[in-house]
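Below: one structure, written as structure tokens.
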Amino acid sequence: MVEGPHPNSTFPRPTFFILTGIPGLGGAQAWLTLVFGPMYLLALLGNGTLLALVQMDSTLQQPMFLLLATLAATDLGLATSIAPGLLAVLWLGPRPVPYGACLAQMFFVHALTAVESGVLLAMAYDRAVAVGRPLHYPLLVTKTRVGYAALALALKAVAIVVPFPLLVARFEHFRAKTIGHAYCAHMAVVELVVGDTRANNLYGLALSLAVSGIDILGITASYGLIAHAVLRLPTREARAKAFGTCSSHICVILAFYVPGLFSYLTHRFGRHTVPKPVHILLSNIYLLLPPALNPLIYGVRTKQIRDQLLEIFTIRKSQL
């Protein structure tokens with residue numbers, strides 16, 4: 001029997017935590033591997049293919065596609081930081097995870113989520129320059145600047161997310177070692193802490209609002225500039241073509257922020273109305289759905305990627 005929380009008892013810092021998956025579903029949660037397993041497989045194959053295409057084809061080594069490759073690498077890391085452990089818990093039941101590994105997972109999940117949000121903002125600026133100032137685009141958006149932007153996003157994510165595991169590591173006593181979640185989410189671990197957790201709660205809230213809020217405002221501003229530039233074009237065909245260059249990015253933004261916003265709102269304001277299994281299910285969908293969908297969206301809607309894939313398949317078919 002899995003140990004549950006004991007309100008009147010405290011335990012020294014455990015050497016490991018026990019992840020329970022999605023409490024309340026019991027043995028039925030094993031069926032969720034049929035949902036999350038294919039999502040992880042799509043994330044691996046799709047993002048791996050995109051990275052390989054950008055690496056092999058010199059015509060795709062342009063700022064726009066280098067940003068896409070950065071997004072694909074982030075998606076690979078994000079999906080891999082959660083999916084293997086999630087699938088093991090869903091299929092095999094509650095699993096132990098070492099204390100240090102739990103803190104490491106906490107860091108990588110939150111850091112890579114912050115990087116992904118930042119990459120989407122960088123891609124929005126890229127599209128704003130491409131549509132608003134097409135003649136200056138080669139001068140303003142270069143491979144070097146994309147590289148610096150990717151490095152800055154990684155450093156920013158590390159700087160703002162490192163406090164999460166550090167704020168948890170300062171506590172010496174816990175109410176239990178069983179985490180009622182499918183991965184080591186920051187607040188799921190904090191719920192077990194014995195002590196004053198106001199700093200953890202405030203930092204988590206401030207970080208969520210600051211990172212996502214600022215990125216969403218930046219993306220909104222970028223698309224305001226794009227809309228202004230598109231509406232000034234003389235013909236309907238020109239406007240449709242200009243806005244079409246942004247369609248893939250808009251779909252990716254919706255795939256990332258809509259599940260994330262829904263998960264955040266239900267967690268913050270629906271604790272007493274939305275069952276806990278729904279909270280946990282939404283948080284896992286939020287982390288795994290975008291990595292699975294992003295390569296499909298760009299593969300279907302970006303002509304250069306479609307052409308390169310068709311060329312590869314045509315060559316292999318002729319060799320057979």
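Each residue, glycine too, has its Cβ placed from N, Cα and C.
Residues or ranges marked as domain 'G-protein coupled receptors family 1 profile' in TrEMBL: 46-298.
Sequence-distant contacts of the transmembrane segment (30-53) (same chain, at least 6 residues past either end, Cβ-Cβ under 8 Å): 22, 60, 68-69, 72-73, 75-76, 79-80, 83-84, 86-87, 90-91, 281, 284, 288-289, 291-296, 298-299, 305, 308-309. Taken from TrEMBL, the feature transmembrane segment applies to 30-53 (among others).
Under the heading transmembrane segment, TrEMBL lists 65-91 (among others).
Taken from TrEMBL, the feature transmembrane segment covers 103-125 (among others). Long-range contacts of the transmembrane segment (103-125) within the same chain: residues 64, 67-68, 70-71, 74-75, 77-78, 81-82, 85, 97, 146, 149-150, 153-154, 156-158, 160-162, 164-165, 168-169, 183-186, 189, 207, 211-212, 215, 218-219, 222-223, 249, 252-253, 256, 287, 290, each at least 6 residues beyond the stretch ends and with a Cβ under 8 Å from a Cβ of the stretch.
Remote same-chain partners of the transmembrane segment (146-168), defined as residues 6 or more beyond its termini with a Cβ less than 8 Å from a stretch Cβ, comprise 63, 66-67, 70, 103-104, 106-107, 110-112, 114-115, 118-119, 122, 186, 189-190, 193, 199-200, 203-204, 207, 211. Among the features that TrEMBL reports, transmembrane segment is placed at 146-168 (among others).
Feature annotation from TrEMBL assigns transmembrane segment to 202-231 (among others).
Packing against the transmembrane segment (243-266) from elsewhere in the chain are residues 71, 116-117, 120, 123-124, 127, 130-131, 208, 212, 216, 219, 223, 226, 230, 274, 278-279, 282-283, 285-286, 289-290, 293-294, 297-298, 301-302: each is 6 or more residues past its ends and has a CB under 8 Å from a CB in it. Annotation comment: TrEMBL describes 243-266 (among others) as transmembrane segment.
Sequence annotations record features per position, and here TrEMBL assigns transmembrane segment to 278-300 (among others). For the transmembrane segment (278-300), the list of distant contacts is 22-23, 32, 36, 38-40, 42-43, 45-47, 49-50, 68, 71-72, 75-76, 78-79, 82-83, 86, 109, 113, 116, 180-183, 185, 248, 251-252, 255-256, 259-260, 262-263, 266-267, 270-271, 306, 309: same-chain residues at least six beyond its ends, Cβ to Cβ under 8 Å.
Long-range Cβ contacts of the transmembrane segment (65-91) within its own chain (Cβ-Cβ under 8 Å, at least 6 residues beyond either end) map to 19-22, 29-30, 32-33, 36-37, 39-40, 43-44, 46-48, 50-51, 54-55, 97, 105, 108-109, 112-113, 115-116, 119-120, 122-123, 126, 143, 146-147, 149-150, 153, 182-183, 252, 284, 287-288, 290-292, 294-295, 298, 304.
Summed and averaged per residue, pLDDT over the domain 'G-protein coupled receptors family 1 profile' (46-298) gives 87.
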